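Data first, discussion second: the structure below is written as C-alpha cells.
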Amino acid sequence: MKELFKRGGIMLFDKNILQKIDEELKTYVDKDDKLYNASKHLLFAGGKRIRPYLTVVTYMLKKDDIEEVLPAAAAVELIHNYTLIHDDIMDNDDERRGKPTVHVVYGEPMAILAGDLLYAKAFEAVSRIKDNKKAHEVLKILSKACVEVCEGQAMDMEFENYYPTMEEYLDMIRKKTGALLEASVGIGAVMADCNEEEREALKEYAKRIGLTFQIQDDVLDLIGDQKKLGKPVGSDIREGKKTIIVIHALKTLDEDKKKRLLEILGNKNVKDEEIKEAIEILKPSIEYAKELMKQKTEEAKEYLKIFNKDRRKVLEDLADFIMSRIY
C-alpha cells in the first residue's frame with residue numbers, strides 16, 4: 001500500500017519511492033573520507049527530490065518495475081546536486097536548505113572536487129542501466145541537459161552587467177532550471193518505452209513545469225517563509241538579481257517607482273525597511289508572475305491528457321505542487 005505524505009499542502013509524495021531513491025543514491029557515495037563527506041553534505045541535506053521523483057513517476061505512466069528506473073533517477077539527482085555545489089561557489093552563498101554550503105564547511109577546492117565527483121558518479125549511474133539502447137538515450141538526454149545548464153548559468157552571470165529582455169530571461173531559465181527538469185521527465189519517458197507522441201507531450205509538460213519552478217523560486221524569495229526557504233527573504237533584491245518579477249516591473253512601473261526600485265536593487269548595504277519597500281513596489285509584478293504560473297500549470301496538465309487518468313494524476317499534482325510549494 002502506498003504511504004503518501006504532504007508537501008506544500010499536496011498529498012503526493014510516495015515515501016516508498018523516495019526511500020528507494022535515497023538508497024540508490026547512497027550506493028554512489030558510500031565511502032567515508034573528506035571528499036565523499038563533502039559530496040554527501042548537500043545530497044542528504046533534505047532536498048525535495050523532485051527531479052528523480054519526476055523520472056520515476058513518468059516511468060510509472062506505463063511501467064511498474066521501479067528497480068529498472070532507479071539508476072536513471074539517481075543520475076538526474078547527482079547532476080542536480082553537482083550544479084548546486086558549483087552554483088553556491090559562484091554566487092558566494094553561505095547557506096542552502098538551512099545549512100552552511102559545501103564550500104563554507106569544506107573550503108572551495110574540496111567543494112569543487114565534490115561537485116565534480118557527483119558529476120562523474122551520475123555517468124556511473126547511467127552505466128548501471130541494464131538496457132544498453134536505453135542507457136545510450138539517457139546519456140544523450142543527460143549530457144544535453146548539462147550543456148544547457150552551463151549555458152543558462154553563464155547567461156545568468158552575464159545578466160549582472162545589463163538588464164535582459166523578458167525573452168532573454170525566459171531562455172535563460174529554460175536552460176538553467178528547466179533543462180534538468182525536462183531531462184528528468186524525458187529520461188523517465190525513455191525508460192518507460194514511451195512512443196513519439198507521448199514523449200512530445202511529456203516534453204511540453206516538462207517545459208512548462210520548468211518555467212513555473214523558477215518563477216516560484218523568484219516569488220518565494222520575496223514573499224516566502226525565511227525558515228522554510230533556508231535563506232533570508234529578499235536576498236535577490238540585495239544581490240540585484242534580474243528576475244522575471246523585476247524585469248516585468250521595470251517595463252510597467254511609473255518613473256518614480258522605477259527610479260526608487262533601481263536605487264534599492266543590488267545595494268549590499270540596503271536596510272530591511274528598504275527591502276520591504278521594494279517588495280511593496282514589486283507587488284503588481286508578483287501577481288503577474290503568479291498568473292503566468294497558473295496559466296503554464298494548466299497548459300502542462302493539458303498535455304498529460306493522452307495518458308491513463310489514474311496514472312497521470314501524480315504528475316498533475318506535481319505540476320500543482322511546483323506552483324504552490326512554500327520552499
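Placement of Cβ uses the backbone N, Cα and C atoms for every residue, glycine included.
Keep in mind the model is a prediction, meaning the values are calculated, not measured.
According to Swiss-Prot, the isopentenyl diphosphate binding site annotation covers LYS48, ARG51, HIS80, ARG97. Per Swiss-Prot, the feature Mg(2+) 2 binding site maps to ASP87, ASP91. Taken from Swiss-Prot, the feature Mg(2+) 1 binding site applies to ASP87, ASP91, supported by similarity to another entry. Under the heading all-trans-polyprenyl diphosphate binding site, Swiss-Prot lists ARG96, LYS176, THR177, GLN214, LYS231, LYS241.
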Subject >> Nearest of the binding-site residues (HIS80, LYS176, THR177, LYS241) to ASP91 (Mg(2+) 2 binding site), judged by Cα-Cα distance >> reply: LYS241
Original post:
How big is the gap, in Å, between the Cα of ARG96 (all-trans-polyprenyl diphosphate binding site) and that of ASP87 (Mg(2+) 2 binding site), rounded to a whole number?
Top reply: 11
Original post:
According to DSSP, which of helix, strand or coil covers ARG96 (all-trans-polyprenyl diphosphate binding site)?
Top reply: strand
Original post:
C-alpha of LYS241 (all-trans-polyprenyl diphosphate binding site) to C-alpha of ASP87 (Mg(2+) 2 binding site): distance in Å?
Top reply: 14
Original post:
Which of these binding-site residues is closest to ARG97 (isopentenyl diphosphate binding site) if you go by CA atoms: ASP87, LYS176, THR177, GLN214?
Top reply: ASP87
Subject >> Inter-residue Cα distance where the pair is ASP87 (Mg(2+) 2 binding site) and LYS176 (all-trans-polyprenyl diphosphate binding site), in Å >> reply: 11
Subject >> Number of other Cβ atoms within 10 Å of the Cβ of LYS48 (isopentenyl diphosphate binding site) across all protein chains >> reply: 16
Original post:
Which are the residues of the chain, LYS48, ARG51, HIS80, ARG97 excluded, whose CB is within 8 A of where the CB atoms of the isopentenyl diphosphate site average out, their centroid?
Top reply: GLY47, ARG49, ILE50, GLU77, ASN81, LEU84
Original post:
Using DSSP, would you call LYS48 (isopentenyl diphosphate binding site) helix, strand or coil?
Top reply: coil
**OP:** List nothing but the largest Cα to Cα distance in Å, as a whole number, among the residues LYS48, ARG51, HIS80, ARG97 that the record says bind isopentenyl diphosphate.
**Re:** 16
Subject >> Residues that sit under 8 angstroms from ARG51 (isopentenyl diphosphate binding site) by C-beta distance, when 6+ apart in the chain >> reply: ALA73, VAL76, GLU77, HIS80, LEU180, LEU181, SER184
Original post:
Within 10 angstroms of the C-beta of ARG97 (isopentenyl diphosphate binding site), what count of other C-beta atoms is obtained when all protein chains are considered?
Top reply: 15
Original post:
At the level of the C-alpha atoms, what whole-angstrom distance separates ASP87 (Mg(2+) 2 binding site) and GLN214 (all-trans-polyprenyl diphosphate binding site)?
Top reply: 15
